[in-house]
Structure formats: structure tokens, C-alpha cells
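What follows is one structure encoded as C-alpha cells, with my remarks underneath.
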């Protein structure tokens, strides 16, 4: 049972995260894959960053975007996983309102950033495959930096109002968030005030980012496929297909569970709460663990770079 602090409707200073509602008895088991994925995320992304930094031949736009993705993934999973494991292992459910809002800000801002970088990576592949001779003259360092900055600014502009709104909404007790991290919709359920604006705003932003970005990605991959089908050698075609295929898998893992869990929550579809929470967790845990494997190990230059760094 959760401690019910603040019987009155004052603004709460401390909240309690339930972990995965209804599956508390399985927390120890669930923590195992979560912990493994987090360790994979830390190892994979750090290795990727070290290899790209150490190997001058990897100082190309594609790998700069990959570095941005690695940093985002490290921040995103570190903002939720240690706390989640604390809940699973030691029942440390309490979180101060400020820590909760900070976590919410980081999780949501960095997922918007990740989405922006995935679009940049799809555009990068498009230029590399459809305009190979002009690749470096189109994606110059200032252009790459500007794209990274734009992804960052968009996330800050979209996500600051969300956190700000919740900060100013009165929250009611019991201060129990039925989630394993401070997910915006889950925290919003504690609001005693009128949360309609906050609700609509978060839904609009997520829909806009999710649909616009996945459309842009789909468009660039459609153009890439068109170019690939015109390639004469079956070898080249096979290579391009396998690269694009694995990229699209990661992107599907990133967009589908995220949008699903959000719409289910919004339209009160009768999905059991634990399924909803697991969907939201998967969307933040799986891509960061698999991005370095799919983008890194499948890329010959990174394999070679890693060998060089190791042999040094």
C-alpha cells in the first residue's frame, strides 16, 4: 500500500511512482531485462562515442548524427532507468515533485530530440545514396551543427510549456502516479484543476512530432528505395536494402509504442494499465539499447574504427 500523504488539496511536494501497476509482484523479474538493456545502452553508446571520437576517418556527417543519437539515448535512459530499478529492487517509490518534473522534462524533450535526429539521419542517407558526389558539399559541418541545434531548440520550445503547466496545476492526493516514471499523462491524472489545455497540448505536440517526423523519414526512405532499385549491381542493392531495413526497424520501435501508449491513454482504451506502462517503457528502453548495435555494428567503417581503437 502506498503512503497517502496530504489529505488536503494542497500542492503536493512528493509523489509516489507505482512501477508497473498490477505487476508489482513481478518487479524483480521485470527488472532483469530492464537492467540488461540499460547496461547495453551504456556500453554500446559510450563505445560508439569513443570510436567516433578516436577515429578521424569517422568525422563525417553520418557519424556526427550518430554521436548526437548516442548522447540523447544515454541521457534519455539515464533519466528513467536508475529510478525505475530503485522502485523494482528497493521499493523506493517516493520522488519529489521537482525531481518528477525534471525527469518528465528530460524524457519528453529528449524523445522529441531523438525524433529530430532520426529525421536528420534519414535525410543524411538520402543525400549519401541519391547524391553521393555532392554529399560533403551539401552536409557541411555548419549544416550538421545547425540541424543538431534545430532538433534541440524544437524540443525545448515544445516541452517547456508542458512542464511549466503542470508546475502550476494544483495536484490532488493520493499522490500516486500509476507509472514507472513521471510520464506526462500519468502525472496529469493527479491534477485537481482543469487539465484540458495540458492534455490537448501534449497530444497535439506528440501527434505533430510523431506524424511529421515519421512522414519525412518514410519519404526519404521511399526516395532511397527508388534510387536503390535503379542500381545495376544486385550486390549494391542488397547492401542498401539491408541497411535501410534495419534503420526502419529501429524507427518503428521508436515511433509505434510511443504513439500507441499515448493514444491509448488519451482515449481511455481499455488496455490494462500494465500493458500501457510497459509500452511506454519499451519505447524508452529498447531503441537506446539497439541503436548502437544496428547503426554501429552494421556499419563497416565503425567496425573497422573499433578494431583500430582496440588494437591501439
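Placement of Cβ uses the backbone N, Cα and C atoms for every residue, glycine included.
As written in TrEMBL, here are the features:
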- 44-295: domain 'G-protein coupled receptors family 1 profile' (DOMAIN)
- 29-51: transmembrane segment (TRANSMEM)
- 63-92: transmembrane segment (TRANSMEM)
- 104-123: transmembrane segment (TRANSMEM)
- 135-157: transmembrane segment (TRANSMEM)
- 208-229: transmembrane segment (TRANSMEM)
- 241-263: transmembrane segment (TRANSMEM)
- 275-297: transmembrane segment (TRANSMEM)
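Contact between the transmembrane segment (29-51) and the transmembrane segment (275-297) is present: at least three CB pairs lie under 8 Å, with pairs separated by 6 or more positions in sequence. On the 0 to 100 pLDDT scale, the model's mean across the domain 'G-protein coupled receptors family 1 profile' (44-295) is 86.
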